[in-house]
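Here's the structure we're looking at; comments come further down.
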Amino acid sequence: SYGRVDELVYFAGLKEQYEIVVHHYIQQGEARKALEVLQRHNVPVDLVYKFAPDLIMLDAYETVESWMMARNKLNPGKLIPAMMRYVSEPHAKNETHEVIKYLEFCVKDLNNEDPGVHNLLLSLYSKKADESQLLQFLDTKFGSGQANGPEFFYEPQYALRLCLQAKRMRACVRIYSMMSMHEEAVALALRVDLELAKAEADKVEDDEELRKKLWLKVAKHVIEQEKGVKRENIKKAIEFLSETNNLLKIEDILPFFPDFVLIDDFKEEICKSLKDYNSQIEQLKAEMDDATRGADNIRSDIGALAQRFTVIDREEECGVCRRKILTVGGLHQVGRSYTSVGHMAPFYVFPCGHAFHANCLIAHVTRCTSQVQAARILNLQKQLSLMDRKAAKDNGGTGNGESTVSSAPTVDKLRSQLDDAVASECPFCGDLMIKEISLPFILPGESVEKASWEIKPQPASQKILPMTMSI
């Protein structure tokens, strides 16, 4: 109250009333002294955000330098209101934009990911007459270094709206492309630069149909916008075809020309296109000939399968029961539906040389395969047995083979299914043997057998008498 301001400021500093000190310096227009107070380590960071709007308007350079010195101690998102106040004021054309400088520092040096910071920087770039910084910012993928992260942190829809308002068409084309809106990008690029439209059409590599559609749009624009002598237009349009890397043909762009154009102007390109089609037809013919030869070879191989045979030694044993394969008797027969010689039991012989009786093979496969597959095999075997008994009964009653003939297709189908289930591959050489590795040595059903091998202690009542030998 006595007007001793210096003592007041000094005493407020001793009492850590920094808000009074900073407010005094701002009123006196001494931004540097205010910033020095805010840079002290014991000053709350909230005061920095509170006085940021006044300080940046008082001395933007010193304020931004102070923010940059603080680095990660400050949250740029909380400084946006102060920066927006600075942006709303007019500035000289060649003046260094301090907010842009600080935002670039946050984005490039501090790797800030706040969408608000990126959106503000993009909006400031869009207001500049030079579009190069804006395009460079759009092309830079700040988030590409992160795994499963976004490539950019600004909002594409907001960026597109800003660029359309500021009439930054090249930037709009770039944003359309990043949003995978390639048709809109090419359509807008045709209004700006033909080369830009070609570059956008070439960006689509994984969708051939869309890429051709975009190039057709560019071709239509080229033909319709070319001025001068008609023959020059045709010549430029034909030259344009070579830029598409054979994606477009002469017949694709013919509808874009007027009806009164002479066909002589397209003579060379039409002949070239016809030659290309002719070579494609010849290639298709060659492929068809190869396919025909392959089909003939397959048919001959199938015919040769019917004549395939193998020689079995008289002493050949079954891989399961170890009895001779050529055993005579009905012990191993599973039904009359199997082809057998005389009274020999039916058997299977594999190309690897292993041979099995039919019943032995079925028993082995059902024991080692899954329960579902085993149930299917046993069901097929049961159906075959029932049909064999029925056929034998009918034949015995009627004295003719009509029943057998009528049921033969069904029997053959069941036998084929059973063969596929048990004899698709050798059980000793195929996948079944590999699967048996995981089976336990003692199966759950062999618990009784396992118990019989246990060594039991002798009862205490039994005494072992010593044995003496006399010489």
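Note that Cβ sites are derived from N, Cα and C of the backbone, with glycine treated the same way.
A TrEMBL annotation is a machine prediction, not a hand-curated record.
Residues or ranges marked as coiled coil in TrEMBL: 231-301.
If you look up TrEMBL, you'll see 347-385 marked as domain 'Pep3/Vps18 RING C-terminal'. Sequence-distant contacts of the domain 'Pep3/Vps18 RING C-terminal' (347-385) (same chain, at least 6 residues past either end, Cβ-Cβ under 8 Å): 310, 312, 316-321, 323, 325, 327, 332-335, 337-338, 411, 414-415, 417-418, 421-423, 425-429, 432, 435-436, 439.
Here TrEMBL flags 71-231 as repeat 'CHCR'. On the 0 to 100 pLDDT scale, the repeat 'CHCR' (71-231) averages 79 in the predicted structure.
In terms of DSSP secondary structure, the domain 'Pep3/Vps18 RING C-terminal' (347-385) contains 26 helix, 6 strand, 7 coil.
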